[in-house]
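Notes to accompany the following structure.
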Amino acid sequence: MMTKKAITVLSGGLDSCVATCVYAEDYEIHGITFNYGQKSFKQELKASEEICKKMGFTHEVIDLPWLNKISNSSLTSDNEIPTLTHEELDDLDICEDTASSVWVPGRNIVFTSIATSYAESIGAEIIIVGWDKEEAATFPDNSKEFLESFNNMLNVGSPQNIEIKAPAIDLNKDEIVKLGDEIKAPMELSYSCYTGHEKHCGVCESCMRRKRAFKLADVKDPSEYNE
């Protein structure tokens, strides 16, 4: 019997780490990490490689220098990355402003399209992504509607039977941590910070959501923070 194959879009972050490990026992997993000039790429690459090594996945990097050139996102430019307080995490207006600052044009559309091409080339049945409910509130390309629409497009546009799988699509971050703890995903190897510092900065939105998630899940946070 042939082993089923999967592609995972792996940023090295908490969400993609846990989402990928949901399918670790049932698929031969091929990880891809995108380099689009983001400040955090070095740490994302380190985390992704370590996760793949520990879990026995293959891994490769896909360079997208043009995405950096057309983006004015604070993730890829000299613009300052916004910070948030714990209280501001639930203020939708503030979070929409910070989301606008870090938005990279068409990022998940591009990533998932390239992953589809890769999946077709190796005969993979699924593409794993870390999209989740909490981020979907301000990032439309993390939403269930986006997931369903992309899968509908694949049904029409791909000659192969490929499906995008987002096991965290109905989960908030703390629920993702609980799931990761349950399935023993190597969350200690993941990296979530926007800044790219060796230690998590502790104050960008991604770090704040990570810290809150572990606290609410009542799971020990393995991360090191500067603040």
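Don't overthink the numbers, they just go from 1 along the chain as shown.
Quick reminder: no glycine exception, Cβ is built from N, Cα and C everywhere.
L14 (ATP binding site) carries a helical DSSP state (H, G or I). L14 (ATP binding site) is surrounded by 27 other CB atoms, counting those within 10 A of its CB over all protein chains shown. Sequence annotations record features per position, and here Swiss-Prot assigns ATP binding site to L10, S11, G12, G13, L14, D15, S16, C17, V18, A19, T20.
Taken from Swiss-Prot, the feature Zn(2+) binding site covers C193, C201, C204, C207. Shown in sequence order, S40, Q43, K199, H200, C201, C204, S206, C207 are the residues of the chain, 6+ apart in sequence, with a C-beta less than 8 angstroms from the C-beta of C193 (Zn(2+) binding site).
Apart from L10, S11, G12, G13, L14, D15, S16, C17, V18, A19, T20, the residues listed for ATP, the same chain places the Cβ atoms of I51, G130, S190 within 8 Å of the centroid of those Cβ atoms.
Listed in chain order, the extra residues whose Cβ falls within 8 Å of the Cβ center of the Zn(2+) site residues C193, C201, C204, C207 are I81, S192, Y194, T195, H197, H200, G202, V203, E205, S206, M208, Y225.
Reduced to three states, the DSSP call for C207 (Zn(2+) binding site) is helix.
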